[in-house]
Amino acid sequence: MEKPPLLDGEDGSVLAESQSDVALVSADEEGSAGAHGQEDDRPAWDSKLQYVLAQVGFSVGLGNVWRFPYLCHQNGGGAFMLLYVMLLLIIGVPLFFMELAAGQSIRQGSIGVWKHISPRLAGIGYSSCMVCFFVALYYNVIIAWSLFYMGNSFQYPLPWEQCPVDMISNQTVKECAASSPTSYFWFRKALDISDSIDQSGEFNPILTGCLLAAWAIVCLAMIKGIKSSAKVMYFSSVFPYAVLICFLIRGLMLDGAIEGIKYMFYPKLEIWGEVQVWRQAATQVFFALGLGYGSVIAYSSYNPVHNNCHRDAIMVSGINFMTSVLASLVVFVVLGFRAKNIALNCVATMAEMAKTGSAQHWWPWFNMSNPKLVALQDYREWYSHYGSLLGSNITDCDLEREMSKGVEGTGLAFIAFTEAMALFPASPFWSTLFFLMLLNLGLSTMFGTMQGILTPLMDNFRVLGRHKTMLTVCSCILGFFIGLLFTQRSGNYFVTMFDDYSATLPLIIVVVFETVSVAWIYGADRFLDDVEVMLRWRPPVVYRYLWKYVCLLGMVGLLAASLLRMVFKRPTYTAWNHTTGSETSLEYPGWALVMLSTLIIVASLPVPVGYLLSFLRERYSKYNSSEPEPNNHHSPLDEDRNRPRSTFLHLGAEHYVLLPQQEDGEEEEEEDTGL
């Protein structure tokens, strides 16, 4: 699509001259910026509630359920939460507000927004689209896994409650006996996983069918744009909260719940001295809000121009954090129950061994008929006195040690949580509820990710904008066929690769360039001026310093830390060894390192390529400037070169004009229709 012209002299945009010369609003003759007159009928949210649910649904995803609790678990509990809140306030909220304001004012997707500041920055939007596409590929596989487990939850007993028996030898399957029923079901029945990424194996037909169903659901929900996906959001965004509250109430009634909560909130402030903890907290803030994907920009671009996006930024960020805390409470309550059961079973086993072995001389409960009646605290006190006199086969049963065995991601959802739910009364009901919740969390995030792909493309390419349905269907079909990579026996290893490397570095690079674009190229003060016109009140001046210094330095530091970690620590992945029935860490082979490097490069490359192409185009135009140009769109704007400073903001529903802020503020209020 045609980009809006910029007022910076004879040769297009020059980034260094941003403070005085660059104008960011298209003129009357141009129509709407980059959309060729499509802004008149641009879709809009039916209500503010619909928009908030969409933003919350995108930002609140699976990471809130299985990543944030793990980080709290591993990094000092309450101390990590304090660190997270601090980074959320000084980095997360300002950047989130910046993306909301940019999308709402320019009313385009990620490509159009950054192209609007300067054509040289269009690559930022294309990088966001690439990252969204990579994330969508593997994220829908997780939705397929949730569909598979939800389908298997309609059984009693649940298929992962007990180890299967080998029909030939009439004995428990060795792989299951060496691990656990839930681990065996996940790695062998669900994934049928190979021992390494080198062993690809055949496609898993059941998971392939689930992946097809997942893409079909996404396609049907997205086929009419935000009009169809927003209606689905009413359920997919609200239902997970109902499930989490139900799980919390049920979990608080379980033995071990209080121990789990104590373990979660007990602060270990010494972890603040570790660089790794700061990196993990900043990364979690970054991904929890969905910064850099372009989805936040896409959603806000459908808002009325005077919507209070500052309040939205604080509200959505707050809801996101409270959801993480709620999910952590549920996880720790359930893991506390699981750890208490493991510890009590350990006591019962040790009691049986002590009664018959050499430890019987010191065993105080020799006449107790049921070893399970021995209290955990009593056993631990006895072991602390006589442990040194006992054989190596008698061990301590430490509940806190079981709690410290942190699990994250798929390990938490498909192994640890399923193991705990198998112990619940009416376990199929709770299992179905849990995986239905995961399905809805995944879908609401997936809708936002797809908007981050489709909206910028439709805004910037007229032919795609005229065929929205065809673009959506073709995107989903392409995603399904590429996603077959993840349904082969080694597919889980590729999911890990994409999750670890296809998004992290490229997104950080994207957000660094976004911050530089707004805070330095366009100017933080100018941006605040334009936001003041849009909101009808001026945001606090502290945002100027946060955008220019704190956020930028924080993101550059996070980028440096991530790069150094990759350079000095060879990338590894966790593989399943079917012989030992355990997980092991393996280094990626050479071809896999090339593949993950390619993912990072392909996602990041549009930024420098876009800059270079725009620079060469400007040089070529300047070289041929002596020749008359037919249909020169720049001439109307050239007449306005001496006007007062132009604004970032588009005004009016029918067309957008270049307005001086102070003179036309009242006229703007009269003309605006909300779109």
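Glycine is treated like the rest: Cβ placed from N, Cα and C.
Quick caveat, the model's predicted, so the values are computed rather than measured.
What TrEMBL says about this protein:
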- Gly57, Val60, Asn64, Leu441: Na(+) 1 binding site (BINDING)
- 81-102: transmembrane segment (TRANSMEM)
- 123-148: transmembrane segment (TRANSMEM)
- 206-226: transmembrane segment (TRANSMEM)
- 238-261: transmembrane segment (TRANSMEM)
- 281-302: transmembrane segment (TRANSMEM)
- 314-335: transmembrane segment (TRANSMEM)
- Asn320: Na(+) 2 binding site (BINDING)
- 429-448: transmembrane segment (TRANSMEM)
- 469-487: transmembrane segment (TRANSMEM)
- 507-524: transmembrane segment (TRANSMEM)
- 545-568: transmembrane segment (TRANSMEM)
- 588-613: transmembrane segment (TRANSMEM)
- 623-644: region 'Disordered' (REGION)
- 630-643: compositional bias 'Basic and acidic residues' (COMPBIAS)
For Asn320 (Na(+) 2 binding site), which of these binding-site residues sit within 10 Å, Cα to Cα: Val60, Asn64, Leu441?
Val60, Asn64
Would you count the other C-beta atoms found within 10 angstroms of the C-beta of the residue listed as 'Na(+) 2 binding site' for me?
24
Taking the centroid of the Cβ atoms of Gly57, Val60, Asn64, Leu441 as the Na(+) 1 site, which other residues of that chain lie with their Cβ within 8 Å of it, listed in sequence order?
Val56, Phe58, Ser59, Gly61, Leu62, Val65, Ser237, Pro240, Thr323, Ser444, Thr445
Same-chain residues at least 6 beyond the ends of the transmembrane segment (238-261) whose Cβ lies under 8 Å from its Cβ atoms:
53, 60, 323, 326-327, 329-330, 332-341, 399, 403, 424, 430, 433-434, 436-437, 440-441
Range from 429-448, 507-524, 588-613 with most C-beta pairs under 8 A to the transmembrane segment (281-302):
507-524
Could you check whether the transmembrane segment (429-448) packs against the transmembrane segment (81-102) - three or more CB pairs closer than 8 Å, residues at least 6 apart in sequence?
no
List, by number or range, the same-chain residues at least 6 past the transmembrane segment (314-335) whose CB is under 8 A from its CB atoms?
52, 55-56, 59-60, 64-66, 68-69, 72-73, 81, 84-85, 88, 92-93, 96-97, 241, 244-245, 247-248, 251-252, 254, 257, 260-261, 263-264, 288-289, 403, 412, 416-417, 420-421
Interface-richest range of 81-102, 206-226, 469-487, 588-613 toward the transmembrane segment (507-524), CB pairs under 8 Å:
81-102
Any chance you could find the range in 81-102, 469-487, 588-613 with the most Cβ pairs under 8 Å to the transmembrane segment (206-226)?
469-487
So if I measure Cβ to Cβ from Asn64 (Na(+) 1 binding site) and keep only same-chain residues at least 6 apart in sequence, which ones fall under 8 Å?
Ala288, Asn320, Thr323, Ser324, Ala327, Leu441
Give me the long-range Cβ neighbours of Gly57 (Na(+) 1 binding site): same chain, 6+ apart, Cβ under 8 Å, in sequence order.
Met233, Ser236, Ser237, Ser444, Thr445, Phe447, Gly448
